[in-house]
Amino acid sequence: MLSILKKLFGTANDRTVKKLFSEITKINSLEPAIQKLSDEELKNKTVEFKEKLKNGATLDDIVYEAFAVVREAARRVCGMRHFDVQLIGGLILHRGMITEMRTGEGKTLVATLPAYLNALTGKGVHVVTVNDYLASRDSASMGKIYNFLGLSVGCIVAGMPDEAKRAAYNADITHATNNELGFDYLRDNMKYSLQERVLRPFNFAIIDEVDSILIDEARTPLVISGPVNDNSELYGKIDKIVRMLNTSDFEKDEKLKTINLTETGITHIESLLSKEHLIKPDTGLYDFENLTLVHYVNQALRAHNMFTVDVDYLVREGKVMIIDEFTGRVMEGRRYSEGLHQALEAKENVKIQNENQTLASITFQNYFRNYPKLSGMTGTAMTEAPELKDIYNLDVVAVPTHNKVTRLDLDDEIYGSKKEKYDAILKLIKDCYDRGQPILVGTISIEKSEELSSVLNKEKIPHKVLNAKFHEQEAFIIAQAGRFKAVTIATNMAGRGTDIMLGGNPEMLIEQLDEDHNYETKAAEIKAQISEEKKQVIEAGGLFVIGTERHESRRIDNQLRGRSGRQGDPGKTKFFLSLDDDLMRIFASDRISGVLRTLGLKDGEAIHHPMISRSLEKAQQKVEGHNYEMRKNLLRFDDVMNDQRKIIYEQRTEIIKSKDSHGFLNSTTEELAKKIVLTFMPVGSYREDWDIENLSVELHRVFSMKFDHNLVSKNDVTEEEITKIVIQTAHDIYKSKEEAYSSELMHNAVKYILLTTLDQVWKDHLYSLDHLRQGISLRAYAQKDPLSEYKREAFNLFEQMLNNLKELFIQTVYHFHIDLKHIQKEDVSLEHKKLQKNMRESREDPAFSKYNAGSSLETDLKPVVSRVDPKDRNPDDPTSWGRVSRNELCPCGSGKKYKYCHGANE
């Protein structure tokens with residue numbers, strides 16, 4: 001019934017596209033007039049548009065004319081004219097939606113339309129791609145259009161210095177990778193001045209391969225971390241022990257990707273740990289004193305049994321490198337967290353790097369939700385439309401192709417074993433190769449790629465292998481996969497970003513030439529050869545795409561299919577499956593095996609059956625649903641941290657912008673002073689209950705004050721009066737610092753202390769949240785909702801962090817010392833980095849000028865003394881020693897630390 005209604009009235013997508021086609025006529029009607037403009041007049045349209053926007057016009061008021069201008073500029077500069085369907089794609093992107101356009105439909109050119117239009121506001125546009133190569137390529141090729149129209153273009157790639165990044169981000173349109181954008185956002189929020197930051201405020205982002213970035217990579221947070229304690233030796237010992245376990249010692253669930261020790265496994269591993277003296281003979285692994293070892297054991301178990309080399313990671317140059325399960329690419333600079341990476345390094349017997357502590361992190365889900373306006377484009381998004389709408393509030397519109405798709409998608413062939421499947425694949429490859437038809441074989445892992453490659457080598461069939469191990473050659477290899485007799489094996493084709501042109505890509509081949517006197521001749525020969533090969537390939541049937549097994553996601557399978565049949569080219573696709581494939585074995589084996597038994601499948605025979613196709617689709621839907629729930633759950637938890645992150649980053653920015661740091665200092669000083677006094681002299685308490693001894697200790701610890709006990713002996717003194725005196729004295733102490741150093745220097749010092757203290761407590765807070773998150777799922781056993789528990793405890797931790805911030809900040813302000821000897825007199829403002837260096841030398845050993853306010857409290861301060869070179873110290877003359885650290889050996893030559901010798905009374 002539903003299908004009949006759709007045929008009668010069309011789908012919602014059909015109606016949207018039909019409406020957009022009516023708008024395209026408005027753009028097309030402007031084309032004749034725009035074409036008559038001179039280059040100078042066409043360029044001046046940008047100035048005209050900006051003037052209109054300044055006078056109150058909106059982007060929607062100028063959208064049709066702006067698109068017509070970009071179309072004409074592209075025709076003149078690049079020789080490319082936007083098709084009507086590309087204009088539709090541009091309108092969809094401008095309106096903050098996702099456009100699904102088939103491979104080869106010119107998504108890169110489509111992005112120029114909304115990028116130009118939105119850049120006219122002067123707030124910047126980010127065009128996001130999945131790797132540096134694509135960012136550089138697109139900024140260079142499409143940048144010609146923007147530059148012609150008077151807009152600036154920037155490109156961000158890994159390893160650029162901040163100055164270059166800042167200039168690129170300040171351009172009207174910036175091409176960048178999703179990783180660099182996320183990391184730059186985190187880095188900016190660790191800087192100490194606004195001038196050091198590279199990013200501008202968020203405005204508009206166009207994401208290429210949007211499904212890859214917002215869905216496939218959604219579960220992988222970007223993390224900036226620093227090293228913690230070195231436990232490499234322990235990882236090595238645990239690895240040796242785990243290797244001795246039997247398969248009966250643990251049980252794993254491949255669907256849920258979990259692994260746990262069995263009862264016999266616990267007994268076995270406790271015995272092994274005891275022999276290695278890692279636990280005492282009379283204790284168990286789960287005894288309180290041994291609980292830290294559980295973490296190491298679990299990660300070693302996962303490393304050996306849930307992660308496979310050349311599938312989940314590869315080892316290159318003595319390093320374990322993560323492979324993106326969706327794209328087959330190496331994830332440069334990424335490491336598994338929670339000790340898993342160290343466990344893998346121990347497993348592969350390479351150098352074990354230190355564990356890292358998180359300093360800052362964010363998921364792509366929360367990073368991209370910062371943009372007020374977000375859009376994206378991809379060849380495959382409709383299958384994930386509900387998730388994109390639910391999480392990012394992005395609608396998906398499928399745009400029809402410019403030319404009709406003539407590709408033939410053949411039915412899957414299912415075999416009983418992997419060997420039979422490979423035999424069938426080999427037979428087809430041989431047939432295509434003999435006829436000259438180019439073949440692209442898609443695999444789901446590097447391991448499978450190399451397995452198939454070795455089979456082809458034995459048969460002496462020349463071929464290219466494209467996977468994470470040869471990332472540098474990726475674009476060139478894939479661009480030539482459409483040549484006559486070409487055989488290309490590739491891991492997942494998601495996000496490759498390079499078209500496969502039948503006959504090959506002449507431009508890329510020409511780029512390989514040396515510019516000698518024969519350059520033009522050789523270039524012409526290449527073009528002629530490619531043109532001839534294109535005819536031969538079309539006659540042979542176009543590109544034949546072979547899938548060696550189904551992926552968990554239908555979308556990834558569709559991306560592989562989409563490599564064939566670009567822009568109306570002929571082509572074929574076919575998937576070969578076996579009961580040994582992971583997806584079949586884990587999710588659909590029982591049902592399909594039953595069908596095969598019923599049908600009486602013989603060795604070497606293939607089967608085509610609608611029930612099997614339905615079972616496979618259900619299995620994929622089941623996995624997709626499971627992964628969606630995992631991403632949604634991750635987001636619910638990450639939103640808790642994201643709310644806190646926003647507060648901290650906003651506060652940090654306010655501190656940096658602040659021209660007067662005294663407000664927070666004074667209010668916090670008063671708050672802590674009251675808190676300390678009331679802790680030891682509670683309101684309404686008797687005098688004999690006052691804890692004056694500990695009050696003195698606490699005031700000394702926080703404010704470096706000496707409390708006059710005689711003050712309490714006055715009969716009429718109250719806790720309120722004591723509080724007022726403490727507050728006033730604290731303010732006076734600070735004023736004495738301003739007199740000693742200058743108010744501007746102190747302002748910068750206080751601001752710097754506040755920023756560094758905030759960074760420290762935030763880092764510790766992230767560490768606490770990580771630990772809370774790891775164990776929170778166990779609350780479900782106590783009939784408690786883990787998410788609610790996480791929210792509650794995360795809020796308590798956040799409050800605790802803010803209290804720690806205040807105390808640590810005040811304590812540091814009242815105890816720090818600046819070594820004036822290392823500061824030039826004219827440099828009153830003092831750069832943060834120089835201040836950091838001087839403060840690090842002295843924070844452990846506060847020393848100040850003597851101060852007495854004439855009140856009953858006096859400060860425990862010393863004269864400001866600079867450091868002296870040890871060789872200039874006279875052991876018999878303490879006045880020549882200068883400032884001595886309390887932990888240094890005493891200059892008198894006694895051999896004792898200074899704090900136990902001449903510094904004992906300080």
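Heads up, the Cβ atoms here are built off N, Cα and C, so glycines get one too.
Residues Gly104, Glu105, Gly106, Lys107, Thr108, Asp499 are given by Swiss-Prot as ATP binders; from Gln86, Gln512, that same site also lists Gln86.
Annotation note: Gly106 (ATP binding site) sits in a coil segment as assigned by DSSP. A separation of roughly 72 Å, to the nearest angstrom, links the Cα atoms of Lys107 (ATP binding site) and Cys890 (Zn(2+) binding site). Taking the C-alpha positions, the distance from Gln86 (ATP binding site) to Cys892 (Zn(2+) binding site) comes to 83 Å. The binding-site residues listed here are Cys890, Cys892, Cys901; among them, Cys890 has the most other Cβ atoms within 10 Å of its own Cβ. The Cβ neighbour count for His902 (Zn(2+) binding site), using a 10 Å radius over every protein chain in view, is 16. Shown are the binding-site residues Glu105, Asp499; of these, the residue with the fewest other Cβ atoms within 10 Å is Asp499. Summary of the ATP site environment: with the site residues Gln86, Gly104, Glu105, Gly106, Lys107, Thr108, Asp499 set aside, the chain residues having Cβ atoms within 8 Å of the Cβ mean position are Met101, Thr103, Leu109, Val110. For the pair Gly104 (ATP binding site) and Cys890 (Zn(2+) binding site), the Cα-Cα distance reads 76 Å.
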